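Feature annotations, reproduced from Swiss-Prot:
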| type | residues | note |
| --- | --- | --- |
| ACT_SITE | Ser201 | active site, nucleophile |
| ACT_SITE | His254 | active site |
| TRANSMEM | 94-114 | transmembrane segment |
| TRANSMEM | 142-162 | transmembrane segment |
| TRANSMEM | 169-189 | transmembrane segment |
| TRANSMEM | 192-212 | transmembrane segment |
| TRANSMEM | 229-249 | transmembrane segment |
| TRANSMEM | 250-270 | transmembrane segment |
Amino acid sequence: MLMITSFANPRVAQAFVDYMATQGVILTIQQHNQSDVWLADESQAERVRAELARFLENPADPRYLAASWQAGHTGSGLHYRRYPFFAALRERAGPVTWVMMIACVVVFIAMQILGDQEVMLWLAWPFDPALKFEFWRYFTHALMHFSLMHILFNLLWWWYLGGAVEKRLGSGKLIVITLISALLSGYVQQKFSGPWFGGLSGVVYALMGYVWLRGERDPQSGIYLQRGLIIFALIWIVAGWFDLFGMSMANGAHIAGLAVGLAMAFVDSLNARKRK
């Protein structure tokens with residue numbers, strides 16, 4: 001038996017299980033704090049996870065509703081059907097995921113109102129020896145973003161990856177990954193470019209590396225990242241390193257973040273195997 005995912009809303013879980021039944025895949029639901037979805041035939045895990053990704057994008061798709069009607073599990077008052085986008089946001093994001101997203105948005109708004117330089121004077125990596133004991137600076141550089149595309153790209157990945165880690169492994173694990181990767185990726189980046197940088201991408205790359213390798217080595221963890229996405233991450237790092245797009249990228253933070261995530265996943269998966 002392999003646990004595929006968990007849903008806070010049992011009726012959302014049932015909708016996914018009903019749909020997979022129409023595709024010839026039998027899933028079961030076990031109720032604990034959340035509705036855990038389990039797969040008996042582990043050879044179908046790749047297919048189920050691909051379908052799950054599509055389901056989370058739009059759980060209100062008519063094919064899922066039709067599957068629930070066919071199975072006799074539908075009914076009225078399903079708010080996730082009426083507001084699928086916000087339901088998907090709530091379904092995947094835990095409190096730490098939300099707090100980080102809100103903090104980044106608040107800082108971004110402040111940068112638009114006060115200007116980048118004013119905010120960076122308070123949040124940037126220590127740019128003067130006198131600031132080295134302002135410990136928040138070693139982490140708050142991750143909250144700053146310099147364009148709408150920059151913040152949207154990072155927060156989308158943060159929600160997708162950070163939410164998965166928090167839902168499956170707990171808020172504590174997400175906090176640890178975030179703090180370690182922000183600290184180490186920031187340290188490496190300031191060696192490359194000095195202290196004037198910002199963005200959540202170092203943490204995002206750490207989450208990419210962590211989710212991918214942990215899923216590969218410890219499928220029972222319930223987190224998973226398609227190999228195509230980790231390949232995309234590597235291509236993006238190479239493109240940034242050789243300046244193929246003419247964009248200013250925090251290449252040091254990306255590489256360091258990815259390395260941190262892979263290392264933490266390797267250690268955690270080893271510990272998980274020892275406990276079995």
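Glycine too: its Cβ is placed from the backbone N, Cα and C atoms.
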Residue list, the transmembrane segment (94-114) vs rest of chain: Cβ under 8 Å, 6 or more residues beyond ends.
123, 143-146, 151, 154-155, 158-159, 162-163, 166-167, 171, 174-175, 178, 200
Do any residues of this chain, six or more beyond the ends of the transmembrane segment (142-162), have a C-beta under 8 angstroms from a C-beta of it, and if so which?
89, 92-93, 96-97, 100-101, 103-105, 107-108, 111, 116, 119-120, 123-124, 174, 178, 182, 186, 198-204, 207-208, 211, 225
Take the C-alpha atoms of the residue listed as 'active site, nucleophile' and His254 (active site) and report the distance between them in angstrom, rounded.
6
